[in-house]
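A.B. asks: One structure is given below, represented as structure tokens, and several questions about it will come after.
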Amino acid sequence: MNELDKRKREIEERIQAACDRAGRERSSVQVIAVTKSISTERTEEVVRAGYVQLGENRPEGLMEKGSHFPEQSVEWHFIGNVQSRRVKDILPHAQVIHSLQTMSVAKQIENRAERVIDCFVQVNTSEEDSKSGLAIDEVKPFIEQLQSFERLRVVGLMTMAPFTEDEAIIRQTFRTLATLQREIEALQLQHAPCHFLSMGMSNDFEIAIEEGATHIRIGTALVGSESGGSL
Ligand SMILES: *Cc1c(COP(=O)(O)O)cnc(C)c1O
């Protein structure tokens, strides 16, 4: 078994265990394999290992890899900061954008997209200045302003936990996001079903699953880092 298959098996075991602890079905959690730190060749191996939902955080990476793989063989998730002038580069490849947080980007999507784009609104749950995302009390007003947009659907909320070893803090940020997601879901807005929670990365995906994550974004734990040896 190669290194990637080993890592995949280990991650799958940990996902299953977290689902068991939380009384959840494994099928309720989708894994987005974050390929931002690896080459197109190594991304091919990730796809061969069975991952079809892939994440990139820079337009360049998305454009290069997005045009490499046949359409419909993989689904690209854009997880990085979006600048409005780059929306036109992202749209041809990204099925899902996890990091919507400004009206100018929303308008670019509305004006340029040729189909409905599923978006997560990024939330700064830790209120760290260094983290991007809307403040918690900005989220609902922002989503309400998108009501008339026809090419953009808010499918959920996304966050990144603060950089800390303190599990209680990480858990609390995920719980805060889950609470907000349920509140917005309960509004039953047509343009914002908001059923999903994109949270959890290599270091904290088990906590995220326990707190309700539907999409976890796994990079280094799956693919290693480019400097850190082979797949
Ligand atoms: C890089 C990145 C990830 C994956 O991080 P790992 O710690 O390598 O798993 C997830 N989400 C976002 C937004 C990222 O930029």
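Positions of Cβ are set from backbone N, Cα and C atoms, glycine also.
Sharing the record's features from TrEMBL:
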DOMAIN    13-225  domain 'Alanine racemase N-terminal'
MOD_RES   K36  N6-(pyridoxal phosphate)lysine
A.B. asks: According to DSSP, does K36 (N6-(pyridoxal phosphate)lysine) fall in a helix, a strand, or coil?
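C.D. replies: In three-state terms, K36 (N6-(pyridoxal phosphate)lysine) counts as coil.
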A.B. asks: What is the number of other Cβ atoms found within 10 Å of the Cβ of K36 (N6-(pyridoxal phosphate)lysine)?
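C.D. replies: Around the Cβ of K36 (N6-(pyridoxal phosphate)lysine), 18 other Cβ atoms lie within 10 Å.
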A.B. asks: Where does the mean pLDDT land for the domain 'Alanine racemase N-terminal' (13-225)?
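C.D. replies: That stretch averages a pLDDT of 96.
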